[in-house]
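Working notes, beginning with the structure itself.
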Amino acid sequence: MADETGQAVPVAGPDRPPARGRVDALDLARTFALVCMAIYHFTYDLEMFGYIPPYTAVTGGWAIFARMIAGSFLFMVGISLYLAHGRGIRWRPFLRRLGVIVLAAALITAVTRYAMPQTYIFFGILHSIAAASLLGLAFLRLPSWMTLGIAALIVFGRSTLSATGLFDAPVLAGLGLTSWPVRSADFVPVFPWFAATLAGIAFARIAGAGGLWRRLARSGETPGRWRRALAWPGRHGLTVYLLHQPVLISALWVFARLTR
């Protein structure tokens, strides 16, 4: 099994995969989400290089596509968080991996602050994953119905909270409750996106009660070569995330230099 950042974890119990099993179906799901993310970012880069009309990547179907990708990542954070720590928080691996995510998020902030200061990323998907991982610990033992109820409150109560103006301080912008619009190349605030992680936690509990994780772990005990290859990016999602944009931008830069 892998946690929210791809780390292998032993799991056991009636609602978990066998000890030291791995649900590679989750790795495959992460790989699919990463491919979708790369497609979206390639579209964003094409716009940046002037190959497609401005605002293509942030309007219409592409904007919906981006939200679906972010939601899928945070949903899987909830699943992995429950499977890795639902019967007791394993603090050492949790804090180690959380530290890696926080450092990666800080790197993204530093680089974008230099490269695009007007729309730099101060609370993007990695920041949101880090926050959701921490906050999600408080919900691992709650009944699924209660977790889903809180998720609904987060989604539908956001506009009411933001209208109060109590959260307008710039330092609180990451909550997503400001009454003013936030300008950022990637903004995935706690409200409403933490709801996706809560939905993942609830789903993992419900699916575990039905034995889904054991069945998936058994089905992946002897994966074929292609299955292992397709699961590899999902097991190393953070590395893929950090490297894919430099690769795409470099390739487009070379292409532009050769063709213009």
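Placed from the backbone N, Cα and C atoms, the Cβ positions cover glycine too.
TrEMBL entries are annotated by machine, without manual review.
For 22-246, the entry in TrEMBL reads domain 'Heparan-alpha-glucosaminide N-acetyltransferase catalytic'. Here TrEMBL flags 25-42, 62-83, 95-114, 120-140, 147-173, 193-217, 238-256 as transmembrane segment.
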Tertiary contacts of the transmembrane segment (120-140) (same chain, 6+ residues out, Cβ under 8 Å): 4, 70, 73-74, 77-78, 81-82, 85-86, 89, 94, 98, 101-102, 104-105, 108-109, 112-113, 147, 150, 173-174, 184-190, 193-194, 196-198, 201, 241
Integer average pLDDT (0 to 100) for the domain 'Heparan-alpha-glucosaminide N-acetyltransferase catalytic' (22-246): 95
Beyond the flanks of the transmembrane segment (25-42) by at least 6 residues, Cβ under 8 Å: 1-2, 6, 57, 62, 65-66, 68-69, 72-73, 76, 79-80, 216, 219-220, 227, 230-235, 237, 240-241, 244-245, 248
When counting Cβ pairs under 8 Å to the transmembrane segment (193-217), the leader among 62-83, 95-114, 238-256: 62-83
